[in-house]
Amino acid sequence: MSSESVPQDVESKPAPSKDPNAGHEYEDVLQLIGFGRVQWIVLLAAGLLLMMVINETMGMSYITIVSQCDFEMNSMDKAIMSAASFIGIFCSSYFWGYLSDTVGRRPILIYTTIAGNVLSLCSTVIPNYWFYVFIRFGVGFFIAGASSTTYAYLGEFFTPRHRPIAINYASLFVGISTVYVPATAWLILSMDWSVNVTEDFSFRPWRLLTICYLLPGVIGTLMLWTLPESPKILMSLHKNEEAFAAVDWIAVTNSGKHLHEFKVHKLKTEANSDGENILLISKSAFTTIKKMWKETLPLLKRPHLVNFVISCTIMCGLFFSSSGMGLWYPEIQNRLGSNTADDSMTVCEVIDASIDQMQANTTNKICDDHINTKSYIDTITYGSALIVGYILMGLVINTIGRKASISIGLSLAGACAVALIFIKDEVVIVVCFCLYLVLPGLCVSILSGAVVDLVPTHLRGKAVCICLMLGRTGSVFGSNIIGVLLESYCSLTFGVFSGFVLVCASLTLLLPI
């Protein structure tokens, strides 16, 4: 998700205006006001929204386990349920990103988050499997607004000097969420109670867990209500008076002084903004789609086509491994932790043994939706590794560069996937799993930065948004491939995931980054 911030990250600071009648540059005014309370509030609100997105998507990895008895699910049913939110995000992320450029960041963030939270709340009382999947698709459809717009809103409240730092801290919320999801599940699912609402429906702890996962979004939305729209997008839409008022509010909140006390009486209008809002002036959906297509088409032509296609393919591989396998990580660790054999076993041997146990349970009409403690601990370890990884990657990338960082990281991840077929030591299995999930996840932001450099300024936002949107299809494919292959062809599953990651490592060498 940090990856979506990169267009803001590379924006350079404009030169100060020499004509006093032209007004002050927005970034220069932020520099005069200084870093303060507003920036911290925006950073925290953005982080909470990002937490909500991760909670709602990756949290399904636990929901699918503990709801399997209620919905009578097999592995394929679990894969479909896990992928529903990702499909929703894929279907709408470009639309929300485009809309945020035409009507504003703040309304998109607020209303899409509210809609996603309401649907998520509704899902807690749905007893039917397919209706539940449909609602989870709707949740993904709306939380894509936060996924595609949060970093743009965040970046536009910071000066170019502070922007990379803000983005880095916002990225840490992804790791924090990866710890929050299993820790909250551990707390809630350890409870053993059930409230019978009807003969066919009982409210169990896993439904309460869903409410806990949406809470960061609720808090983040409440914080957004206290904040103004991004002055940068207001100027882009030629709402100069509103932009000046927003910057004046920032000045008063941070320093207690109004803009005129800084001798700022006017903001310089963006020269390259045509102010055209095709979504507001057009009554035709076809006209809107045609306009969006026209602005996107240059990415599919020379000289950008080859590099853009390679980047999208690699991004798909990153999500395929980090999110696709990540959704099944608690399930696999749960089976490993449930293994009672005395001898050490490989991952696939444990999975085969768990299939025999599940078949015996089916014969005896026993449904086991228990999650063992080891699964929670291992997933918290993974989240902690992700937090540390974001910090370390910032140090490594400055030393060896982006191309080497991605190719080495993915090669190491591929080797870990192969090793998981053979190793039997529990500690080594956890380490290899964590590396396989963490390294591709860290490369998402690096690749997004590369995409920014590969295309001109007016295409950067669209390029990153489309690249991430297509990348998320990897999450869907990865999750469903595991659902189909894991139990029948376990070794082949890890081989496929390893091969895809190694192919992406090779493709990285073709990019001029």
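Keep in mind that glycine also has a Cβ here, set from the backbone N, Cα and C atoms.
Lifted from TrEMBL, the feature list:
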- 1-22: region 'Disordered' (REGION)
- 40-67: transmembrane segment (TRANSMEM)
- 40-513: domain 'Major facilitator superfamily (MFS) profile' (DOMAIN)
- 79-96: transmembrane segment (TRANSMEM)
- 108-126: transmembrane segment (TRANSMEM)
- 132-154: transmembrane segment (TRANSMEM)
- 166-188: transmembrane segment (TRANSMEM)
- 208-227: transmembrane segment (TRANSMEM)
- 305-329: transmembrane segment (TRANSMEM)
- 379-397: transmembrane segment (TRANSMEM)
- 404-422: transmembrane segment (TRANSMEM)
- 428-452: transmembrane segment (TRANSMEM)
- 464-486: transmembrane segment (TRANSMEM)
- 492-511: transmembrane segment (TRANSMEM)
Per Cβ pairs under 8 Å, the stretch of 40-67, 79-96, 132-154, 379-397, 464-486 packing most closely against the transmembrane segment (492-511): 464-486
Cβ-Cβ under 8 Å with the transmembrane segment (305-329): same-chain residues at least 6 beyond its ends: 57-58, 60-61, 82-83, 86, 299, 378-379, 382, 406, 410, 413, 417, 433, 436-438, 440-441, 443-444, 447-448, 450-451, 454-455, 463, 466-468, 470-479, 481-482, 486, 497, 500-501, 503-504, 507-508, 510-512
Averaged pLDDT, computed only over the residues in the domain 'Major facilitator superfamily (MFS) profile' (40-513): 81
